[in-house]
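Scroll down for the structure; my scribbles are underneath it.
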Amino acid sequence: MPDKAGRKMQVAIVGSGNISTDLLYKLLRSEWLEPRWMIGIDPQSEGLARARTLGLETSHEGVDWLLARDELPDMVFEATSAYVHRDAAPRYAEAGIRAIDLTPAAVGPGVIPPANLREHLDAPNVNLVTCGGQATIPMVHAVSRVVGVPYAEIVASVSSASAGPGTRANIDEFTKTTSKGVETIGGARRGKAIIILNPADPPMIMRDTIFCAIPEDADQDAITASIKEVVAQVQTYVPGYRLLNEPQFDPPSVNSGGQALVTTFVEVEGAGDYLPPYAGNLDIMTAAATKVGEEIAAKLAGASLSASSGGRS
């Protein structure tokens, strides 16, 4: 739907790689957002070529070209690298352009839609944390809103084939940013994140394991219900997100530091818009980015999309 003036938000995609191209296909379906520009640095980029055939203005001259236009976007989606976004973010802010950051730069607040999106709809720059964070932090949030979680650990296993040079170059930032998100967004007092690049061929879809320490007398039924509710919320924008089985509860043991545990297993199958379905780790980022952009546009138009955009009470 358009804004109060009857106009969709005009958006630019900065970056022309696989993630940006997949994001483009999602944005083209949006009732709230209209992709107008795609910016890259490689004139031979397949992403730029596809964008041109779909009617977008494109350039391989980077952010300088975009910001020199007579008409500027209302919003940019940046899928480059952390250091590139850190340089560009102040320029977007100076130009009055909202930014949705798909890199680990974390210039703005981290956003996981079911957990805290409503808190940050007015922020000029929001960060999508990481693919592992988008897949696992909702589950930590689901537990922590029922009981205290002194410690949470997530293990994200993704196909090696889906991990491009950007992902590999950002492994350290992935673990730091995801661990911080487990704490500040997920609600765990202490968090840890591990990523595994699975070399299996044919490629395996993204699978994640989420361990949460909980009190021994925690209400297991309430925790299970909360987990399933949040899974359903994620599925509104990532249909391929699902529980592999029921949450597993274990009593305190030496191995768990004397604490009870709930373990959740999820998998993420991509929609196959541009990326293959096994690349759920990338698809969940582009889907979450689209969700965040649409919610921002809806708020500016005085509307509300759904109840799946979390906010802590």
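Cβ atoms are placed via backbone N, Cα and C, with glycine included.
So that you can see what the record holds, here are the features copied from Swiss-Prot:
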ACT_SITE  CYS131  active site, acyl-thioester intermediate
BINDING   SER16, GLY17, ASN18, ILE19, SER162, ALA163, GLY164, PRO165, GLY166, THR167, ARG168, ALA169, ASN170, ASN281  NAD(+) binding site
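Where Swiss-Prot records a feature, it is marked here on the structure.
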residue: SER16; record: NAD(+) binding site; Cβ neighbours (10 Å): 27
residue: ASN18; record: NAD(+) binding site; Cβ neighbours (10 Å): 20
residue: CYS131; record: active site, acyl-thioester intermediate; Cβ neighbours (10 Å): 30
residue: SER162; record: NAD(+) binding site; Cβ neighbours (10 Å): 24
residue: GLY164; record: NAD(+) binding site; Cβ neighbours (10 Å): 13
residue: ARG168; record: NAD(+) binding site; Cβ neighbours (10 Å): 11
residue: ASN170; record: NAD(+) binding site; Cβ neighbours (10 Å): 21
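Spacing of GLY164 (NAD(+) binding site) relative to CYS131 (active site, acyl-thioester intermediate) is 13 Å (Cα to Cα, whole number). Secondary structure at ARG168 (NAD(+) binding site), taken from DSSP and collapsed to helix, strand or coil, is helix.
On a Cα basis, the residue listed as 'active site, acyl-thioester intermediate' lies 14 Å away from ASN18 (NAD(+) binding site). Between the alpha carbons (Cα) of the residue listed as 'active site, acyl-thioester intermediate' and ARG168 (NAD(+) binding site) lies a span of roughly 13 Å.
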